[in-house]
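**Student:** Starting off with a structure, shown below.
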Amino acid sequence: MVGQFDTSSGTEQNKPMAQAKVIPQYIAGLSAAFGAFCMGASMGWSAPVERMLTEEEAYGFPVSSDQFGWLSSLLTLGATVVCIPAGFIIDWIGRRPTMLALIPPYMVGWILMIFGQNVMMLYFGRFILGVCGGAFCVTASMYTTEVSTVAKRGTMGSFFELNTVSGLLYGYIVGGYLPLLTINILCAILPLIFAAVHFFMPESPVYLVMKGRPEDATKSLLWLRGKDCDVSYELKEILEERTKNADEPKVSILKMLRRPITLKGIGIAVMLQILQQWTGVNAIMFYSTSIFEDVGASLSGRICTILIGATQLVMTLVATLIVDKVGRRILLLVSAFFMAITTCLMGVYFQMKESDEASVASLGWLPITSTLVFIVASSIGFGPVPWLIMAELFTEDVKSIAGSIAGTINWFSAFLVTKLFPLLNNSIGSAPTFWIFSGIGFFAFVWTLIWVPETKGKTLLEIQHLLAGGRKSNPISQQVISSACVNSEVSSFTDRKDQGLYSHSAGVKKC
């Protein structure tokens, strides 16, 4: 517990202060992560409306299977092109203004979807929705981390993934039982709900300090922690980090990215993001309804799709609870193994159906069970863990740009998979398509076993040693350590009681 600082003498008293409140942090974090809910609803829109568009012509004009493939994949393409620019914009105008500025274009995207008169309008609408959702991926996750205390950072860090899968389930439910116009309207109101709530949230204190506004940062911290909480120590740490970064010699981002340890980290992060998509998860999520209806299962396609969304949500919650106990690597290995097995079984089913449809008359449960087990395996491993490892591999000076690179690769891979899945399905058949995913799943297992380090419970310095090969005196490792751990002194800053600032001096512990 942090003691109160005596603003007259600069000495620390042993008088206890109020604990930081949890509810304001959760409100701010959940309000930002609701942007992920909006994105998840846009993603979940595809599966239940496919038949409405391609067979029932719900818009009043025909949509071919190839055109629907573009409608599904343009969302991910829009997210691909915005990740890196969003990383610069949030440092320019701020986290909160960036998210609020996304609402008008978000509404434009849904208006195009509601009043679409031709396929081109739908294309533009889906692309714009992807741009806004991709920007939320970068901005909301950073904001949520920056407004949380250290003790709650893990829990709040999971808000984004949880909101994404919750949004997917929302899209499945409204899409499964309502007409197309109602579905579009119920998805379109989500960004408005976000704006109405997040408008009253504070800006990130980290961003405010970065812009030289410590008084506003103090107000933000007091809103987030409670007005009776002593935020001076936390503010001091943020100021120290800013001082450290300001004192370090300026090095081009390209030179920092070319460091051997950073390159190895980028290689691991990027490959995990590629494998996350190329094991087939988004293809199965986008086209789940048609998969179930094609097998003639006793449950309707919409029920099975909702069941998938609910399973994903529950297992994402489970993964959040066990990842710090079981470890990242073992979850990835278990995930890859079962994803490979289940997609292989789905390939076997469709091959049997193509050869002799009567032979699978009693096996309708197989693709459903395989798909559900696939979703369970993906949700506990290759769904959330690549994002977590990505945040742990890099030093602060390259984390934002390296993370943007990995995020861009992820969305581009998702675009390719969702675009190629229907093409492969139509050209070579369902069985070979799922066997391709199965082969990639087995490759993911072997690659993880060989290359992915276990980062559970390790400090940044220890992870950098792992990437350097574990050699204690490795000069590359020492370069990173000297960059990450520098000596700095934080000068006294003026006490302003009306702005909540406390005056004190402190030396930073040497690494």
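Keep in mind that glycine also has a Cβ here, set from the backbone N, Cα and C atoms.
So TrEMBL has the following annotated:
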TRANSMEM  26-48  transmembrane segment
DOMAIN    28-456  domain 'Major facilitator superfamily (MFS) profile'
TRANSMEM  68-90  transmembrane segment
TRANSMEM  97-115  transmembrane segment
TRANSMEM  121-143  transmembrane segment
TRANSMEM  155-174  transmembrane segment
TRANSMEM  180-201  transmembrane segment
TRANSMEM  265-287  transmembrane segment
TRANSMEM  299-323  transmembrane segment
TRANSMEM  330-352  transmembrane segment
TRANSMEM  364-389  transmembrane segment
TRANSMEM  401-421  transmembrane segment
TRANSMEM  433-452  transmembrane segment
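Context for these features, please: burial, neighbours, distances.
**Tutor:** Sequence-distant contacts of the transmembrane segment (97-115) (same chain, at least 6 residues past either end, Cβ-Cβ under 8 Å): 32, 35, 38, 86, 89-90, 121-122, 124-129, 131-132, 135-136, 139-140, 143, 181, 184-185, 187-188, 191-192, 194-195, 198-199, 203.
Same-chain residues lying 6+ beyond the ends of the transmembrane segment (155-174) with a Cβ under 8 Å from its Cβ atoms: 25-26, 29-30, 32-45, 47-48, 137, 140-141, 144-145, 147-148, 182-183, 186-187, 190, 285, 302, 305-306, 308-310, 312-313, 316-317, 320, 379, 383-384, 387-388, 391.
For the transmembrane segment (180-201), the list of distant contacts is 27-28, 31-32, 34-35, 37-38, 41-42, 45, 48-49, 52-53, 58-59, 96, 99-100, 102-103, 106-107, 110-111, 113-114, 132, 167, 171, 174: same-chain residues at least six beyond its ends, Cβ to Cβ under 8 Å.
Using a Cβ-Cβ cut-off under 8 Å and counting only residues 6 or more beyond its ends in the same chain, the transmembrane segment (330-352) has close neighbours at 272, 275, 279-281, 295, 319, 322-323, 359-360, 363, 366-367, 370-371, 373-374, 376-378, 380-383, 385, 429-435, 437-442, 444-445, 448-449, 452.
Cβ atoms under 8 Å from those of the transmembrane segment (401-421) belong to residues 69-70, 72-74, 76-77, 79-80, 83-84, 86-87, 130, 134, 137-138, 253, 257, 262, 265-266, 269-270, 272-274, 276-278, 280, 282-283, 286-287, 386, 390-391, 393-394, 433 of the same chain, restricted to positions at least 6 beyond its ends.
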**Student:** Looking at the domain 'Major facilitator superfamily (MFS) profile' (28-456) alone, can you tell me the average pLDDT?
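**Tutor:** The answer is 86, the mean pLDDT of the model over that range.
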